[in-house]
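Peer 1: According to Swiss-Prot:
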- 7-36: repeat 'ANK 1' (REPEAT)
- 73-102: repeat 'ANK 3' (REPEAT)
- 106-135: repeat 'ANK 4' (REPEAT)
- 172-201: repeat 'ANK 6' (REPEAT)
- 371-400: repeat 'ANK 12' (REPEAT)
- 437-466: repeat 'ANK 14' (REPEAT)
- 470-498: repeat 'ANK 15' (REPEAT)
- 531-561: repeat 'ANK 16' (REPEAT)
- 599-628: repeat 'ANK 18' (REPEAT)
- 702-731: repeat 'ANK 21' (REPEAT)
- 803-832: repeat 'ANK 24' (REPEAT)
- 905-934: repeat 'ANK 27' (REPEAT)
Amino acid sequence: MAVLKLTDQPPLVQAIFSGDPEEIRMLIHKTEDVNTLDSEKRTPLHVAAFLGDAEIIELLILSGARVNAKDNMWLTPLHRAVASRSEEAVQVLIKHSADVNARDKNWQTPLHVAAANKAVKCAEVIIPLLSSVNVSDRGGRTALHHAALNGHVEMVNLLLAKGANINAFDKKDRRALHWAAYMGHLDVVALLINHGAEVTCKDKKGYTPLHAAASNGQINVVKHLLNLGVEIDEINVYGNTALHIACYNGQDAVVNELIDYGANVNQPNNNGFTPLHFAAASTHGALCLELLVNNGADVNIQSKDGKSPLHMTAVHGRFTRSQTLIQNGGEIDCVDKDGNTPLHVAARYGHELLINTLITSGADTAKCGIHSMFPLHLAALNAHSDCCRKLLSSGFEIDTPDKFGRTCLHAAAAGGNVECIKLLQSSGADFHKKDKCGRTPLHYAAANCHFHCIETLVTTGANVNETDDWGRTALHYAAASDMDRNKTILGNAHDNSEELERARELKEKEATLCLEFLLQNDANPSIRDKEGYNSIHYAAAYGHRQCLELLLERTNSGFEESDSGATKSPLHLAAYNGHHQALEVLLQSLVDLDIRDEKGRTALDLAAFKGHTECVEALINQGASIFVKDNVTKRTPLHASVINGHTLCLRLLLEIADNPEAVDVKDAKGQTPLMLAVAYGHIDAVSLLLEKEANVDTVDILGCTALHRGIMTGHEECVQMLLEQEVSILCKDSRGRTPLHYAAARGHATWLSELLQMALSEEDCCFKDNQGYTPLHWACYNGNENCIEVLLEQKCFRKFIGNPFTPLHCAIINDHGNCASLLLGAIDSSIVSCRDDKGRTPLHAAAFADHVECLQLLLRHSAPVNAVDNSGKTALMMAAENGQAGAVDILVNSAQADLTVKDKDLNTPLHLACSKGHEKCALLILDKIQDESLINEKNNALQTPLHVAARNGLKVVVEELLAKGACVLAVDENASRSNGPRSTPGTAVQKEE
């Protein structure tokens, strides 16, 4: 809020401040605006209310001042009067209809303001006009919260007397008692508790009033609460007690009081941290730590991640506290979950004094920690040279590697502090040592662009052309130092984008310095790694323009030669990763811009595929061809740009194309850019291609148009754009399917309706594909009810045409009962008798698949139960042969299917059930057979059901057959033709037994 000069204000405002009613009357008489606004949108009435001058307020209101005017914080004159505790001003404003419920931007009413400012008399005037004193502000706080927060006992008394909810909570579930306890208002705390406030109440994070008082060091409130017998070790959601909170905030007086009252000094929180851990880490926790240690706190207790209090002092460099812990039995070489001792942690964070304390107390400098690293590794890695000096000791094997084979010199090279490197080298560190990947310290220094480290290592004899296990030299790593990673790291420290960019530029200059130094010291830029890439490839891949310029200048061999042996050229790598500046450097060399990678792709193809517009523009400006096809998919850069919807790249490519047919170029599958754009749903790309007059009716090798693909993939806006181009809707693919077939199959009812209207207006419209299936077949097969309704609105679909496996068959075979109902309702029940080319009815299909509900639906529409197909089988036979017990049950018991019907091989339903080993089906059929002759009925092989059941091991069925009079002496065809003993069902049964 700005502070305004009174002399700069209107005369009326100055007169109000001077308190002269006569001058005010004179100014008003001279038509001075009584509702004038200052820069904060405050009116003269706000001023008078602030001053509490009732007479002037009355005068202004009678002269037309708006009594409920709001400033830019939405404060009314009543808010101002209440804040000034002027009872008379409040009464005058209310007399003139001031809104007692008005809210400011924080949703605070005049009562909130009165409560916060101890305006008791004003509150007494306002409260009778309110429906409730428990109205909350934006933070959920009531007037009682504000009164308690500010310690106004009289106001708290008034509000409680007027019905304020003593346990009302704000949006963080904090009560008035929390706020009073936090602020140390003992009288208010006592008053609230005496009026029934819940002393053990918790907010959303589980903090009690005791936690609140302890956190802010309110010792008197803490004592009062403890005297009331509150649970001293009550925890919040993080498992922290009041003692934890007091230690964390360095409230030593509270800590002392809590300990005296018996608080558990070793209580762990959810992460296993005790109050001692917090005291060890806290900025002001030194005295707290002393108190805890002197009162029996376990100095070696470890958290869930293995950290002891000594570890915590090491993180934050609390060396005095570390001495206290050690003197009281703290284990110096205690390890955490990662294997780190306090010495490792202190080395990691560079706390030299603490390191000195630990070493003096006998800490093991050669103890292995995370990844088997020494404390010296961590100090060197984090560039703490003074710590390194402290950690070096006589007899220490300085070249001992960690888990990955890295020595301390490797760590120092990665950390970038040249003093660490010099210190280690002077102590005998071997710069020839390699890690498990074959990398020397020089590789690490180069990868992190630490120029002075590189300089020191090379000067002392490091081999600049030493290769690691992947064949990479320091030059490879310097050329590939990741600017994007460095940018991310820098971004955490710099919010300003300009500063961030400057930092990035400095880092790239440092990379160039490193590269230049290596080249000056005979680094060979033509050395290739095991994949055939040299330093130029790496610089291109990571977009280092200056490094590229330097390498190209220093490389005697031609640029094209550098590509041999590599799967991708530097041009490909720069284009793929979007490094247009690096690309521009490469383009200055006389190279073939259409050079291909191992898959035949050009740099332009890769740039277009990734959507790097600036790279695409640079390449086409230098003459790169947009028509080169790769070796695999035969796509062009046009196809590549469309696949991922990179419309800007596509536009650039189309604008450069001389040939108008470029827009319809095809890949190996015959797909045009338009087809791909539609298939992937890239609306802007589709719009651009149509604008460039792409052929909407071009077909691929499968005969599909863009419309086919759009409907298959379901991209609505793309399809709509194609339809607006008068695309052919009856064009058939290689299987004879039109877009209507696909719309019906995919359930796109809206498109289907639109396509139908267009199709029916054409004279020659054939709705059958190569197998005779119509859109209605496909809609029924896939259960698309909305599409079926659309199709049945057309007369031509209310009769079955095409493949004799009718739409009803299609619906039934996939258990789409609702679709079948639609067909039966729209046509008539006679369709239940239709047959496919094998003579099977829909009932056969239902029985075959055991779709019981569909079966019942067909039977309700008088489906012929005993109709036989071309092989003489009824629906019952079909169900029995396939073991569909549900269908058999309905057909036998409800539909009373004929059990005597025989197929071409004279098999009855019972024969078929037994032949496939379907015991349940056989028993269901047997239950309905009473005729002994049917039990002994023979098929073409002279086999009775008993033969078949016995041969298939159906013991229960055999027993039931015998019980119903099956003949055990019947002879089948095989037995009658043999010369040996006759085989009867009886012998088969005996074998089974």
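Glycine too: its Cβ is placed from the backbone N, Cα and C atoms.
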Peer 1: Could you pull out which residues elsewhere in the chain have a CB under 8 Å from any CB of the repeat 'ANK 3' (73-102), counting only those six or more residues past its ends?
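Peer 2: Here the qualifying positions are 1, 40, 43, 45-46, 48-54, 57-58, 61, 67, 108-111, 113-114, 117-119, 121-123, 125-126, 129-130, 135.
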Peer 1: Short question: which residues 6 or more past the ends of the repeat 'ANK 21' (702-731) have a Cβ under 8 Å from it?
Peer 2: 669-670, 672, 674-675, 677-683, 686-687, 690, 696, 737-740, 742-743, 746, 748, 751, 754-755, 758-759, 762, 765-766
Peer 1: Find the average pLDDT over the repeat 'ANK 16' (531-561) in the predicted model and report it.
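Peer 2: A mean pLDDT of 82 is what the predicted model shows over the repeat 'ANK 16' (531-561).
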Peer 1: Counting only residues 6+ away from its ends, which parts of the chain sit with a Cβ under 8 Å from the repeat 'ANK 24' (803-832)?
Peer 2: 768, 771-774, 776-785, 788-789, 792, 840-843, 845-846, 848-849, 851, 853-854, 857-858, 861-864
Peer 1: In terms of Cβ proximity under 8 Å, which residues at least six beyond the ends of the repeat 'ANK 18' (599-628) contact it?
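Peer 2: Those are 569, 571-572, 574-580, 583-584, 587, 593, 635-638, 640-641, 643-644, 646, 648-650, 652-653, 656-657, 659, 662, 665, in sequence order.
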Peer 1: Do any residues of this chain, six or more beyond the ends of the repeat 'ANK 27' (905-934), have a C-beta under 8 angstroms from a C-beta of it, and if so which?
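Peer 2: Beyond its ends, the repeat 'ANK 27' (905-934) has Cβ neighbours at 873-874, 876-877, 879-885, 888-889, 892-893, 897, 899, 940-941, 943, 945, 948-949, 952-954, 956-957, 960-961, 964-965.
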Peer 1: Apart from its near flanks, which chain residues at least 6 from the ends of the repeat 'ANK 12' (371-400) lie with a Cβ under 8 angstroms of it?
Peer 2: 339, 341, 343-344, 346-352, 355-356, 359, 365, 406-409, 411-412, 414-417, 419-420, 423-424, 427-430, 433
Peer 1: So if I exclude everything within five residues of the ends of the repeat 'ANK 16' (531-561), which remaining residues of that chain have a CB under 8 angstroms from its CBs? That is, six or more out.
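Peer 2: Same-chain contacts beyond the ends: 470-471, 473, 475-484, 508-509, 511-512, 515-516, 519, 525, 567-571, 573-574, 577-579, 581-586, 589-592, 595.
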Peer 1: What does the DSSP secondary structure composition of the repeat 'ANK 18' (599-628) look like, as residue counts for helix, strand and coil?
Peer 2: 17 helix, 0 strand, 13 coil
